[in-house]
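Here the structure is laid out as structure tokens; the discussion comes afterwards.
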Amino acid sequence: MEFGLSWVFLVALLRGVQCQVQLVESGGGVVQPGRSLRLSCAASGFTFSSYGMHWVRQAPGKGLEWVAVIWYDGSNKYYADSVKGRFTISRDNSKNTLYLQMNSLRAEDTAVYYCAR
């Protein structure tokens, strides 16, 4: 019985570690078309510099749309056609932070933006 309880406790600890990963977005707002915004995503609970990072978005009443990805070291970046030339993804591994600079904003860019690992 004692052995079984130990395993349950170990599983609970491991699940707790997984739940400590946090990605907190900030910087959103309401702006007029043609203006700019910069989003930030503060990461914690994992080795940020070891992971490629993505931005995705969800427009009202629609599904998730991938926006951009940046490699773990910032060496490569890729964008959805809908934002290419207007949005720039970047990262600061010393600050564990991901960014999305959004220029020339359009009405169709209205969405909830999420960062993802």
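Cβ coordinates are placed from backbone N, Cα and C, and glycine is handled just like the others.
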Per Swiss-Prot, the candidate from Gln20, Gln58 carrying the annotation pyrrolidone carboxylic acid: Gln20
Recorded positions: Gln20, Cys41, Cys115 - member with fewest neighbouring CB atoms within 10 Å: Gln20
Beyond the flanks of the region 'Complementarity-determining-2' (70-77) by 6 or more, those residues with Cβ under 8 Å of it: 49-54, 88-91, 93, 98
Gln20 (pyrrolidone carboxylic acid) and Cys115 (disulfide bond), Cα-Cα, nearest whole angstrom: 16
Cys41 (disulfide bond) - helix vs strand vs coil (DSSP): strand
